[in-house]
Every structure is written in structure tokens, then in C-alpha cells.
Amino acid sequence: MDSQSAVTMEAGAPTRKESGRLPSRHGGHAHGHSGLARTAHGMSSSSLRKKSDATLVRKVPVASLRPVLANLQEVLLGTKLAVLFIAVPLAVAAQCFRFGQVWVFALSLIGLIPLAERVSFLTEQIALYTGPTIGGLLNATCGNATELIIAVFALVQGKIEVVKCSLLGSVLSNLLLVLGTSLFCGGIKNLGADQPYDRKQADVSTGLLTLGVLCQSLPLLLRYAVSSGEHAVATDTTVLELSRACSFIMLLAYVAYLFFQLKTHRQLFEPQEIEGGDEEEEEAVLGFGSALFWLILMTIIIAVLSEYVVGTIEPTSQSWGLSVSFISIILLPIVGNAAEHAGAVIFALKNKLDITLGVALGSATQISMFVVGTLTPFP
């Protein structure tokens, strides 16, 4: 595979003919580009989206209902995973009517798949109004919202092992399963062709992952170093203090990484354009207020289903004959990022490795530096 520099790609104008005037870097014209370069996460998830057909909506006799129905159609039916939304009300019904904890767990996992993809879509819609910096920060905080929310509920319920295993599984899933599958499939599909990617972007993510490994290893090394003799009594307190200090360093490094990615060297993280590519310009199909409302609602629903998952993981483990560690390391990470994972493989098949590397390394970096760093200070 050849290493090449990334080429800046601008997203399309965040407007439709029916929409009102939107803020823009080009004088606020409705037809101007927003200057927002699409991220690898956004482009990966977009591979599972589909255009909504507004024919039926136009036939609705009540004119005041058309915008509402068009909004619902865009949010709920604008994805190839729309059929999985049925699992969301079924999971709530299974919990309310006590159909069985295994059913609640399985339906909640299935329902989280389209919700995670829709959160990515909604953050992109908001980013088209706010510009590249705020949009990038939204993507940096919401890109792994499902894993973060699951980990928070597990932490609140005192299930530390689930937290550790799910976060470890997220990193391993991105680096081994997603990246490995993408490179293998992309290599087979594009056998004999060059597969260009931006090495600088990969180097930055690799450096942060290495720092994350060192920060997580230090408390473990200290525990083994002073686990006997007169220092044994103070070991737990000392390890906890060192762990919190390392988490602060990780969060500080992640903030510096965001500043580097979104401000000073933004061009390095924009997926390069392949000749003959058929990517369409991105348009805003939702208003800012509508997108923000749906983002909050989707996050609340994810929180509810995440609480169901955490609360039923142990009975499901016993029923399925699988350990809690296996479910936390294997199943939860795959479900949380299923949409992005599928998109990474699809773009690898299209010989667009920048997007694939951005998804795999970016998600692993976000989990190991931001999510782990955020949760570590809490006992």
C-alpha cells in the first residue's frame, strides 16, 4: 500500500430548496458551502444511509402535517437499518411486561444498532450549521456514545468488570476485527491495485494509542512492584492516585489531539479523494432545532436500552452459557459500532483506506484516551 497525503474535501451545501437560509462561511447564502469537511466516522456511517422518497408525504391532505411526517421519514427511514427500529419498542415492552431478561437483553442490543447510526447522522446534520470545529467536537464526543453510556450505567451499578471488559473489547474490536477485516477484504477486492492512505494520520493515532497503553500499564506495574512487604498496605491507595494522575494525562493529551485535528492540522484528517469517486455533496435535510431535538431523544433512548443491557447481562450470561467477560468484550463492542464497522469494510472495498483507518484508529483512540480517561477517576 502506498502512503500519500490527504486531499481536502469540502462537504456540500447544507441546504435544500425548501429550507430557509442557513449560516455559512460564504456570506450566509443558502447555496454556499459550509466549509465542513466530512470526517471518516461520518462518511463510514453514511454508507448505510438511503435517500427518503417524499412522494407519499406530498400526498398527505393536511399541509401542516407534511413537515412533521417528512421529518419522521428522514430520521427513522433514512437508513438501511430502519427495520431494526422495531426492536426498540419491543425491548421496552419486554421490560415492562416482564417477558424475560434474556429477551430484554437481546432486543436492547438489536435496538442499539440503528440508534448508534442515527446519532452519527444527527451530529453531522448539526455540524453543517455549526461549522467544522464544533461539528468535529460533536463527533469526538458522540462517536462512541453507546459504549460510553453503557460503561457509565455499569459503573453506577458497581459492575467494574463489565466496564473494563467492554472498553477493552471496544479497542480490540476496532484494531483487530474491524481493521483486520477491512484490510483483508479491501486487499482481496483491489488485488494488484495501489491502496493509498495518509500515513501522518495513522502515525498520530498510533502515538496516542501507545501513550494510552503506557498510562494504563503504569498502575499495574506499580501494583506488582509494591505488592509485598511493608509497602503492601499502601498499595491500593497509591495505585488509585497514580491511575487518576494517568487519566488526567490521557484527557489532556486527547484535548491536545482534538486541537491538532480540528484546528492546526485539520487537512491531515480529511479523507482523501479517490479519482472517479462518486461521493455526493452533503446537504442538511433537517433544521438545526429538529436535529438537536432528535439527537437528545436518541441519546435518551440509548441510555434506557443501555440500562436494560447492563441490568440483564448476568442473567443472559447464565442462560446462554457464556461468561460475562465474553459478552462484554465481544458482543457489546460489536453492537455499539456495528454501523461504523460495516461502513469501514464497505469503504475498504472501494479502495478508500483513509476512511477505514480513520474509523478503526479513531474509535480506538477515542475509547482508550477519552472514555477510559473520563471513567478512570471514579472508583
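Yeah, the Cβs are placed from backbone N, Cα and C, and that goes for glycine too.
What TrEMBL says about this one:
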- 1-50: region 'Disordered' (REGION)
- 23-32: compositional bias 'Basic residues' (COMPBIAS)
- 75-94: transmembrane segment (TRANSMEM)
- 100-116: transmembrane segment (TRANSMEM)
- 102-262: domain 'Sodium/calcium exchanger membrane region' (DOMAIN)
- 137-156: transmembrane segment (TRANSMEM)
- 168-192: transmembrane segment (TRANSMEM)
- 204-222: transmembrane segment (TRANSMEM)
- 242-260: transmembrane segment (TRANSMEM)
- 284-306: transmembrane segment (TRANSMEM)
- 291-375: domain 'Sodium/calcium exchanger membrane region' (DOMAIN)
- 326-349: transmembrane segment (TRANSMEM)
- 356-378: transmembrane segment (TRANSMEM)
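Counting Cβ pairs under 8 Å that are 6 or more residues apart, the transmembrane segment (284-306) and the transmembrane segment (356-378) reach fewer than 3 and are not in contact. Note on the transmembrane segment (75-94): residues 48-52, 100, 103-104, 107-108, 110-111, 113-115, 117-118, 121-122, 285-286, 294, 301, 304-305, 308, 339 of its chain, located 6 or more positions outside it, place their CB under 8 angstroms from a CB of the stretch.
The stretch in 137-156, 204-222, 242-260, 356-378 that contributes the largest number of Cβ pairs under 8 Å to the transmembrane segment (168-192) is 356-378. Where the transmembrane segment (326-349) meets the stretches 100-116, 137-156, 204-222, 242-260, 356-378, the count of C-beta pairs under 8 angstroms peaks at 100-116.
According to DSSP, the domain 'Sodium/calcium exchanger membrane region' (291-375) comprises 78 helix, 0 strand, 7 coil.
Note on the transmembrane segment (100-116): residues 79, 81-82, 84-85, 87-88, 90-91, 94, 145-146, 298, 301-302, 305-306, 308-309, 311-313, 315-316, 319-320, 331-332, 335-340 of its chain, located 6 or more positions outside it, place their CB under 8 angstroms from a CB of the stretch. Counting C-beta pairs under 8 angstroms (sequence separation of 6 or more), the transmembrane segment (204-222) reaches the transmembrane segment (242-260) with 3 or more such pairs.
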